[in-house]
Amino acid sequence: MATFIPGLRGPILPPQGAVNILLVSLPLLILSETKSIWTGHLVLKTLSSFAFLYGPLKLNAHSYSGFIDWSRYDTLITAGLMASLIGDICLVPAPSTYHKPTPKGVQREPTASFKLGVLAFAGAHVAYIAAFLKHTTSISWPIFIGTFAGNMMLAKALGVIYPPSVKGNVGNLMNLDIRGEMRPLVTGYAGIISGMLAAAASTVAPAATWPWQRIVGAAMFVLSDMFVAKDAFGAKETDAQGVYTGRPNRWYKLAAGWGLYFWGQMVLAGTVY
């Protein structure tokens, strides 16, 4: 097991091998995306996703050998991580879509793969919710309700939940353009991820090495989804001809969004130890 800063009390991460994979694959993924290399996007994103699943899978293999006990909590967290890996793969765009410019004012229809990816991540959050609620010494329902309501109110203000057509106002601060059947799908997803954050905030893990681990991992996941929403539904910068590619190739945005996501998942994966 590893920690963010050796010698200091903080989140427990999966074994060093998993951490090393992410330390190499994530910077390469960011570099590949800034250069719009589709193959690098696919391979390195999958490898980065495998990094947070590697530790729990290895631990599960040891449980079959009789070296350790494998709990229901471990199974649910691993299922959530597996669903997340599937979601990551589903959200990889096709090569033609990845490189094809899109005229200004034209929104591409979300593909079936994208919708499956959203559903996979929703399933991951459901698994996390079940894990947190089952593996706890106590549940504070006022904190659960308050956290859930607060996150949903924030999602509405940012424009994640049925954004109005007038952009930039208090109901669409992120200037999102969510249309058609994606509106109820994204709203439902917002409700599920709000429930995941609420479950993490309102429960106390038994014998936790670091008591804030679950809420920190959950919060990092929620914050990373803001970058996903902006990438998928936000207005893109255009060139002189009014054409944009749709690729978020500014490295610092990628580093922030993907850093929060992949390391947040690593923090959640570390809760099985």
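Note that Cβ sites are derived from N, Cα and C of the backbone, with glycine treated the same way.
Taken straight from TrEMBL:
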type     : residues : note
TRANSMEM : 12-31    : transmembrane segment
TRANSMEM : 38-55    : transmembrane segment
TRANSMEM : 75-94    : transmembrane segment
TRANSMEM : 114-133  : transmembrane segment
TRANSMEM : 139-163  : transmembrane segment
TRANSMEM : 184-205  : transmembrane segment
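By the count of Cβ pairs under 8 Å, the stretch nearest in packing to the transmembrane segment (114-133) among 12-31, 75-94, 139-163, 184-205 is 75-94. Same-chain neighbours of the transmembrane segment (184-205): 115, 118, 121-122, 125-126, 128-129, 132-133, 135-141, 143-145, 147-148, 151-152, 155, 160-162, 178, 211, 213-215, 217-219, 221-222, 225, 229, 233, 271, counting only residues six or more beyond its ends whose CB sits under 8 Å from a CB of the stretch. Residues 1-4, 40-41, 44-45, 47-48, 50-52, 54-56, 58, 209-210, 213, 251, 254-255, 258-259, 262-263, 266-267, 269-271, 273 of the same chain lie 6+ residues outside the transmembrane segment (12-31) yet bring a C-beta within less than 8 angstroms of a C-beta in it.
Note on the transmembrane segment (38-55): residues 13-15, 17-19, 21-22, 25-26, 28-29, 31-32, 78, 81-82, 84-85, 88-89, 92-93, 95, 98-99, 258, 262, 265-266, 268-270, 272-273 of its chain, located 6 or more positions outside it, place their CB under 8 angstroms from a CB of the stretch.
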